[in-house]
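Written below as structure tokens is the structure these notes are about.
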């Protein structure tokens with residue numbers, strides 16, 4: 001019995017020593033470590049799990065100096081796990097001056113929580129600090145008059161915001177600006193400059209894909225650059241993934257007559273009927289922007305698109321026996 005008591009005393013002394021070592025660490029050092037964790041965490045749980053370890057880590061982990069550095073993946077709350085606690089966490093990050101949090105929470109409030117005024121205000125807060133995705137999202141809102149009526153469209157403001165985002169390197173904004181210049185949409189028409197911007201956007205997108213490819217295959221000598229099937233597609237921003245999950249999960253239903261943007265990497269819904277543009281060829285798909293339309297055309301719609309007049313012709317060519325006869329079509333329509 002004496003031996004057991006002595007062993008227990010040694011274990012208790014060891015635990016106390018470990019605890020004392022942690023308590024001896026200065027708050028500034030722990031905050032510095034937590035800032036690096038918040039920046040590099042691959043998911044919210046990676047960061048929040050550490051905060052649940054003890055009261056001191058929880059207190060220091062919610063320090064504004066830590067939350068202001070929370071990275072995009074740390075803020076990547078999913079629609080499935082959305083709750084008052086996750087909403088509160090994002091608000092704490094916003095109050096700490098985190099511009100990624102301002103953008104993400106702004107998008108969620110604008111499109112998911114039916115609070116367009118607060119959502120636009122948060123996105124504007126991020127845009128003022130030159131946050132490229134926030135600038136682009138605000139430009140889409142201005143182009144469509146989202147959250148208001150059709151008369152609330154402001155094409156000149158949309159072009160200005162889009163140009164600023166493109167200048168900061170946002171590929172979707174660069175592509176959108178190129179289409180605006182080509183079509184003279186909200187800006188004097190300049191076909192050659194618009195074409196140049198579209199080529200530049202495609203080049204940047206290809207460069208990003210190749211960098212990702214090379215980083216994935218740098219240690220595999222059997223793979224070559226000719227194996228384009230493994231070149232990764234453009235990564236979807238976590239907040240766009242949130243929007244997709246929010247409306248596709250059945251958690252909430254869109255109001256009657258409202259539609260989602262058909263581009264798989266977007267997730268934006270209409271805020272009023274007939275807000276988004278339709279494909280002028282088939283009329284079956286809808287897009288919040290020319291950029292989304294161009295990306296979806298290249299990814300899948302080019303194969304799926306069938307002219308409306310084909311269906312009319314097919315209906316007219318149904319014979320008396322109920323069987324359809326062959327109808328020739330012209331498949332040379334371009335990107336719409």
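Every residue, even glycine, has its Cβ placed from backbone N, Cα and C.
What Swiss-Prot lists as domain 'F-box' is 19-70.
The zinc finger annotation in Swiss-Prot covers 263-305. DSSP states for the zinc finger (263-305), grouped as helix (H, G, I), strand (E, B) and coil, give 15 helix, 5 strand, 23 coil.
As annotated by Swiss-Prot, Zn(2+) 1 binding site applies to 263, 266, 288, 292. Neighbours of residue 288 (Zn(2+) 1 binding site), defined as other CB atoms within 10 A of its CB across all chains, total 26.
Per Swiss-Prot, the feature Zn(2+) 2 binding site maps to 279, 282, 301, 305; the stated evidence is sequence analysis. Packing around residue 279 (Zn(2+) 2 binding site) is summarised by its Cβ count: 21 other Cβ atoms lie within 10 angstroms of its Cβ, all protein chains included.
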Where else in the chain does the zinc finger (263-305) make close Cβ contacts, counting only residues six or more beyond its ends and a cut-off under 8 Å?
111, 116, 140, 143-150, 172-173, 175-176, 179-180, 183, 185, 198, 234, 236, 240-244, 246-247, 254, 257, 333, 335-336
Can you count helix, strand and coil residues in the domain 'F-box' (19-70) using DSSP?
39 helix, 0 strand, 13 coil
Rounded to a whole angstrom, what is the C-alpha distance between residue 282 (Zn(2+) 2 binding site) and residue 263 (Zn(2+) 1 binding site)?
15
